[in-house]
Amino acid sequence: MRDSVFNCCVSPPHPPGAAAAERRSRSPAPQNHSRFLMFFDFDETLVDECSDDSMVSAAPGGVLPGWLKDTYRPGRYNEYMQRVLAYLSEQGVTPAAIRATVEKLPPCPGIPALMHFLLSQPSRDFEVVCVSDANTVFIETWLQHMGFQPLFLRIFTNPAHFDDNGVLQLRPFHSHECLRCPANMCKAVVVRQYVAQRIRERGGRPYQKVLYMGDGANDFCPSLTLSPGDVAFPRRDFPMHKLIQEMGEAKPGEFKASVVPWKSGEDVVNTLRKILERT
């Protein structure tokens with residue numbers, strides 16, 4: 001990785017201002033006695049590909065025209081994706097077809113086992129949250145299809161809805177000052193503020209551990225908010241993992257959390273079992 005993000009998100013950006021982007025699952029109101037708080041990314045962490053990329057398969061011939069691809073600008077991916085979604089609608093791709101495409105997204109290896117493990121645990125053990133640069137329609141559609149939505153107490157992502165013309169409309173989650181993250185979301189802000197909010201709601205009682213599972217460079221940002229005793233689960237050999245390794249070589253001891261790389265959700269299950277045995 002040539003472009004280091006070691007200094008990203010060291011000062012608090014603007015607070016999230018998109019309350020509509022936070023979706024409560026069908027699970028009960030938050031319990032204040034869970035011992036562990038676990039965050040999940042969505043693309044290439046829960047699902048084994050980028051959900052936005054899967055939309056290409058819905059286009060005529062399974063490809064996007066060159067003129068459309070040429071409109072992409074670095075740091076403005078969501079704006080580009082909005083043009084893609086408008087194009088799909090113009091080509092007759094319906095909301096039902098988009099949802100069906102999302103439902104076909106395969107889970108990452110071992111993710112069903114990890115989700116079922118967490119669902120089987122008492123509420124006093126794990127509070128589970130999703131933080132993703134995807135959107136509400138994609139994430140909620142997939143979680144509902146797989147039967148995993150009751151596990152997630154909160155979903156923080158870009159708001160989305162189908163308008164009267166059947167076009168999926170996207171909005172940015174929030175604004176921020178992090179120069180390294182996409183303009184629409186800095187996950188470190190979300191994690192930092194959510195943890196602080198929940199600790200206040202718990203009467204000042206912290207979690208025993210905060211856990212973060214992800215894969216991308218934008219998952220490295222929130223992992224920097226973790227403390228000693230917390231655990232980062234980077235997908236092995238993906239950008240998050242490589243950036244953690246890079247930091248370890250350039251600034252030994254700077255990354256505070258324990259690091260457990262994963263290839264399968266089963267790797268995470270094994271670590272969670274050990275944590276439960278020790279606490």
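Along the chain as shown, residues are numbered 1 onward.
Using N, Cα and C of the backbone, Cβ positions are placed for all residues, glycine too.
Asp215 is the only one of Asp164, Asp215, Asp230 that Swiss-Prot places in the Mg(2+) site (with Asp41, Asp43). Taking the centre of the Cβ atoms of Asp41, Asp43, Asp215 as the Mg(2+) site, the nearby residues of that chain (Cβ within 8 Å, site residues left out) are Phe42, Glu44, Thr45, Leu46, Ser132, Gly214, Gly216, Asp219, Arg235. The binding-site residues under consideration are Asp52, Asp215. Their Cβ neighbour counts within 10 Å are lowest for Asp52. Listed binding-site residues near Asp41 (active site, nucleophile): Asp133, Asp215 (candidates Asp52, Asp133, Asp215; Cα-Cα distance within 10 Å).
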